[in-house]
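Trainee: Next up is a structure, given as structure tokens.
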Amino acid sequence: MNDGVLKINNLTKTYKGTDVLHNVSITLEAGKIYGLIGQNGAGKTTLMRLIAGLSFPKSGSIELFGHTGEKALETERKRLGAMIEYPGLTPNMSAGDNLKLHRIMRGIPNKEVEAELLTLVGLGETGKKKAKNFSLGMKQRLGIAIALLGNPELLILDEPINGLDPIGVVEIRNLLIKLCEERQMTILISSHNLPELYQTATDYIIIHKGEIKQTLTLEQLEENCRHHILISCDQPEKLTSILEMALNTTNYKVMPDQSVKLYDYLDDKALVARLIFENGIIVTNFSIEGDTLENYFISVVGGESHA
Amino acid sequence: MLNLIQADLFKMHKSMAIKILFSITTISALAMTVLAYLLEQGQIDAGMIGIGFMFSDVNMVSILGAVLAGVFICGDFDNKTIHDAISSGSSRGTVIVSKAIVFFCGIGFILLPYAIVTGIALWTGFGFNMGAVSVGFLNNLTQASTAAFQASNLLKFLLIALILIIVYASQLSVCVPLAFILKKPVLVVPIYYVISLLGGQLSLLAASSPGFNRIFSLTPFGGSYSFLDLNAQAADIFKAILVSVIFIIIMLAITYAAFRKAEIK
């Protein structure tokens with residue numbers, strides 16, 4: 001499915017004269033998990049708050065399920081579930097009562113959904129224990145359960161794994177993947193935890209200082225992070241035939257700029273270099289490229305250079 | 001909007017705060033009535049009037065009403081219930097009106113002991129007196145006790161009790177914009193208490209200035225609306241309702257104007 005769930009066009013948000021979001025444009029498609037990656041203060045939460053209607057942009061537009069305009073967005077937000085910053089819980093109520101409160105608020109008549117959701121997020125056994133006595137991880141789980149009320153088509157989760165223990169992280173990750181796969185739910189998750197996002201998201205949005213630096217799919221990210229020998233030369237076609245004939249490998253990719261990414265022979269660069277030289281190819285670049293996830297992120301946001 | 005009201009009523013039903021406030025007003029209503037009785041009987045010194053006033057409805061509601069606003073409106077910003085309502089598609093206007101309705105229901109609930117205790121006290125036919133400080137239900141207690149309380153007065157007393165609750169709710173509607181703008185109970189409670197004290201002082205000014213009185217009587221703090229008793233005429237009752245309702249609408253409009261485009265942190 002490629003239905004546009006959310007389209008944001010040139011969104012700018014200003015606080016006290018400073019742009020905290022600048023001309024942000026993104027499109028979310030149905031049934032995908034989008035990882036919103038950015039440092040503290042990058043604008044992740046601001047972007048989510050704007051989508052949820054908790055804040056208003058200076059300029060630009062938000063289109064939710066094909067509708068735009070203040071009134072239409074209010075209506076379409078009924079198809080949205082959100083947990084932004086920290087879970088909103090009534091401390092003196094149990095998990096069940098908290099869910100009941102939000103269920104009534106959203107006009108959901110089905111009472112069974114409370115028990116179902118509590119079980120789904122692993123809080124089925126909390127009984128009458130009040131939310132104020134919950135651990136941070138339990139509060140996060142309850143916040144996610146509240147966000148899931150009404151089976152939203154777009155789920156927005158701001159740092160949902162904060163405070164979760166390792167098992168909790170895996171459980172929530174599996175839950176999100178399951179929701180995405182089984183219910184075609186579109187999920188937008190922000191996190192600092194890049195390895196975790198890497199295991200959850202299908203698409204990535206890298207935001208830095210209020211600007212979208214890059215949007216890419218998991219495949220593109222893997223491609224960008226994969227270690228390879230990058231070769232630029234005057235005869236790329238001859239180079240590829242040498243790779244296939246002499247080195248017996250097809251594990252390479254010709255890029256649009258005619259440079260070649262070779263994923264084999266990383267441990268035997270000298271052999272590759274010698275063969276190229278012996279075949280009279282003039283090389284303009286021969287380097288090892290590829291990043292760890294963290295280094296790739298840093299390179300995109302303009303920090304340290306690639307490893 | 002009905003969903004939001006229903007949810008807030010559920011929350012209020014589960015809340016310990018409303019139970020505590022109700023207990024306080026129940027004890028205060030009893031204390032006020034007992035002190036008024038003992039004062040009338042001459043069994044305690046007239047210097048106890050100040051203590052009696054402390055337990056009176058007008059004094060208690062000016063503190064506890066603002067506390068209620070703090071708990072149920074400001075608290076919903078802390079608990080992010082308001083955030084959730086908006087992010088799940090409720091308009092800001094709907095949120096304001098539903099919060100105000102439930103807030104007024106809460107005020108009615110915590111004032112209920114005063115209405116019940118005053119009604120029972122009047123039914124006994126005993127005399128009550130709290131001197132010149134009598135306002136609201138305490139005023140009804142002291143005024144009506146001069147004449148025999150008859151069964152025919154019961155319906156009128158219920159009507160007066162309802163109007164007094166509406167007048168108090170209207171006065172406390174000032175807390176709605178305060179709570180939505182300031183979002184901190186620690187600010188809302190003292191600011192409203194100062195406003196209520198100021199209302200008392202302005203009443204004195206209104207008594208000596210007919211021009212100011214006309215203006216002040218356009219608010220629920222003026223016009224002797226807090227002094228409605230069994231002798232009130234239909235015109236007094238109608239005017240009290242009209243002024244109170246219009247004042248509430250103005251307060252909600254101010255809240256909407258301030259909150260319509262506000263950042264919800």
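Here the Cβ of each residue, glycine as well, is placed from N, Cα and C on the backbone.
Caution: TrEMBL annotation is automatic and unverified by curators.
Taken from TrEMBL, the feature transmembrane segment applies to B:20-39, B:51-75, B:96-116, B:154-180, B:186-205, B:240-259.
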Trainee: Which bits of the chain, at least 6 residues beyond where the transmembrane segment (B:96-116) starts or stops, bring a Cβ under 8 A of a Cβ in it?
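Mentor: Residues 1, 4-5, 8-9, 12, 18, 21-22, 24-26, 28-30, 32, 57, 61, 64-65, 68-69, 72-73, 76, 82, 136-137, 161, 164-165, 168-169, 172-173, 175-176, 180, 248, 252, 255-256, 259.
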Trainee: Would you kindly check B:51-75, B:154-180, B:240-259 and say which stretch has the most C-beta pairs under 8 angstroms to the transmembrane segment (B:186-205)?
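Mentor: Ranking B:51-75, B:154-180, B:240-259 by Cβ pairs under 8 Å to the transmembrane segment (B:186-205) puts B:51-75 first.
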Trainee: So if I exclude everything within five residues of the ends of the transmembrane segment (B:240-259), which remaining residues of that chain have a CB under 8 angstroms from its CBs? That is, six or more out.
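Mentor: Sequence-distant neighbours of the transmembrane segment (B:240-259): 92-93, 96-97, 100, 104, 163, 166-167, 169-170, 173-174, 176-177, 180-181, 217-220, 223, 225, 228.
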